[in-house]
Structure formats: C-alpha cells, structure tokens
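First comes the structure, then the notes that go with it.
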Amino acid sequence: MNTDVRIEKDFLGEKEIPKDAYYGVQTIRATENFPITGYRIHPELIKSLGIVKKSAALANMEVGLLDKEVGQYIVKAADEVIEGKWNDQFIVDPIQGGAGTSINMNANEVIANRALELMGEEKGNYSKISPNSHVNMSQSTNDAFPTATHIAVLSLLNQLIETTKYMQQEFMKKADEFAGVIKMGRTHLQDAVPILLGQEFEAYARVIARDIERIANTRNNLYDINMGATAVGTGLNADPEYISIVTEHLAKFSGHPLRSAQHLVDATQNTDCYTEVSSALKVCMINMSKIANDLRLMASGPRAGLSEIVLPARQPGSSIMPGKVNPVMPEVMNQVAFQVFGNDLTITSASEAGQFELNVMEPVLFFNLIQSISIMTNVFKSFTENCLKGIKANEERMKEYVEKSIGIITAINPHVGYETAAKLAREAYLTGESIRELCIKYGVLTEEQLNEILNPYEMTHPGIAGRK
C-alpha cells in the first residue's frame, strides 16, 4: 500500500491524492480534465475566494445553520488562504469547463482539509468537515465564484488606477519640463505647424486622465454581487437573513463597498459589468499604444531618423549591430496593448455566449480580464520608471526642423493670401530656399514683418502671428 497517498472518493469513483495535499478528489479530476494553459489561479482571486468562504461561514453560523466549532475552523483555514499561505495548493487551470466549479471546489477542499487538520483530524475525513456541506454551505459556484471575481477585479483595478495616476502625473511633469521646447507638429506624418513639446506631453497626460476616470467608473457595477443567488439566481438553499449578513461580511473583509444586487437572477445571468471593464481597459491601451508610437517615432534615429527626443537606453538592441539601442519600453507598451485588444475580444465572445440563467464561459472571461488588468499595471509601472522619467528633449534638432520647415508658411497665409503662400511653399520645396528668403526675394513681406510673423513660439497658441 502506498503510504504517500490517501484515497478520496466522489460519486464517480476513487482517486489517489498526495497525502500532504490539501486539495482533494475534485481538484485532481480538474487537473486531469483541464491541462490547458499551464497557468495557475491568480493570487488575488485565491485571496478573494478565501474572503468569500470566510464570510459565508460566519454568516451561516450567525443564522444558526453551521455548527460553531466547525465554522470557526473553517474561518481559521480561510484566513490562512487569505494570507496566501496555501497558494501552492490551488492547482487547477484557470480555463476550464463547468463555469468555475473546479476553482470553487479547489477552494472548498483546501479550506476543508486545512480546517480538519486544525481540528486534529485527518485530511479527507469529510464526515467531520465537508467541502460541500460545510465550506460551500448556502452557496453555489454560480454565486461564490463570480463574487470572488468581483472582489479580485476591484482590488486589481484599484492597483491599476493608482499606477496609472502615477504615470499620468509623470507625463504632466514632462509637459512642464518641455513647456518651452519648440518643435514641428505633424499631421499625416508630414510637417504641419510648430507646436511645443510640452503641449504634446500635456495632451498625453490629459487623455490618460480620461482613461483613469473611465476605468474608475466601471467599479460601480462591480459593487453589485450575487452572493446568495445560489444556482440560478432564485436563492434556493440560502436563508434570506444569510444573504444580508454575508454581504456585510464581504464588504468588511474585502474593503470594497459591496452590495447585494437588486435582482439576483439578472446578476447571475449577465456579465456586462465585466465587458464594461474590459472596454475601458481597451480604450486606455488604444491611447497608450498611440502614445508609444509617437515616442518611438520622435526617438527614431539617432542619425538618420527624427531624433527629437532621447529615450533612456535600457539594453543593447542587437546581436549583430554593435552599439544599437532600441526603444524597448514603448515597444512593450504596444505589445501589451495588442494582448489587451485580444483579451477584450475573448471577453466579448465569452460574455455573448451565456445561455438562460448562467454564463458557463466565465472562467475564460475572468482569466482574460484579470490578465489584462495585471499586465497593464505591470507595464505602466515599468514604463514610467524605465522610460518616461528619463526622456530628454533634443532641442537643437527640433529647432532646426522648425527653421527648415515649409510648414511655417501657414503663418504667412493670412498676410499674403492662400494662392501666394502656396506658390512660395512650392518654390521653397523645389529649390531648397527658405520661406523667409523667398518672401524677401519677391518683396512679399519686410524683414521686420517676417521677424514677427515667423516667430515659431507665436504659432503655438491661438491668434494670427504678426497681427497686434
């Protein structure tokens, strides 16, 4: 007989479980059925599952459904899960069939077996403390798993919001630093009219501020939880008093202003609150990818590109070209954006795929949503510290572009008319002569007038340059 294992059984039969393991037979079945991604459950979701199980045990004790001795051991075991002590025991793949039953049962089994151990009983002695009858009392996967995900997503969103605020503030600092730096504005990747580098960076900061607000606003619908809905939202096997009490405990232990959804069937059927979050994340990454593209273009060179800004050198850029340095931080921002776009499509498809009283595709939906939030938080932290803070302006190069640009003819347009200005611009392009030289050559404007009109700083705010 193998003494390194214990035997657990369910209505499908028996399974060998490693003797030291806190998970049980249903977790083992899940690992056999779903070796899909190679990933484990996110630590924040494990913590949230602990909060759900602790809150449920306390509420069930308060309404007289759960034996107090059993309940106290469940609470102690759940506290250890919340602390992250047993993260290594959560071994199921996050993408799975069954609407999250395997994740829920992984939590139930770990908490039950640890509670048994604390009680002085052998793991697997479910006649004393059962994963289903005790740890999962008054619950279904269909309310426990989404509620845990709401808590995890809210916690991760708060981290993302703080990180994004920090990045936004650093963009504003750069806007102030570059407030007097003149450069050429571009439309269609062609020279347009002068702009201040600080104006560009402030525009970046402002769009990020809107993203912060958009993301923050999505939290409101996540505060509505369906705990107590049980299987289909009707609350079967959940005492009405339990629903109220468990919601209070969940709000207390999670630190979020959670409330019971007004209509539990609606809250169990529908997943629009997650697609709303994902949409806000996608919009944010659309904006961040655009900013990353701008930075890569401005930093192109250093000799044969724009070379308007200098990004911090983070690592050698080529295994064959000595001395080459690449814009790796904007590049990783682009790649995170692409991942978030793909995740959003998955979330959209999964959200649409629900039928009747439950969306069974929630595991892939939650996996992608949590991944999007996590990788955005990570990339914003790294980008801010390793790139944004160290960006330098190549002021001489930008000034040279402005002075050589034909785009400044736009400022002359109100003084000489569009047709004359267009002829001057065309000749400047063909001959290489400057706009200033051609204006003097043809007597279109005087030197004094040109000094006022062609002051590039006068072109960076509303008004007609040279008109007092």
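Yeah, the Cβs are placed from backbone N, Cα and C, and that goes for glycine too.
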Listed range which Swiss-Prot flags as region 'SS loop', given the options 7-16, 117-126, 317-326: 317-326
Greatest C-beta neighbour count within 10 angstroms, which of the binding-site residues HIS188, LYS324: LYS324
Neighbourhood of THR101 (L-aspartate binding site), C-beta criterion under 8 angstroms, separation at least six: GLN26, THR141, PHE145
Model confidence over the region 'SS loop' (317-326), averaged pLDDT: 72
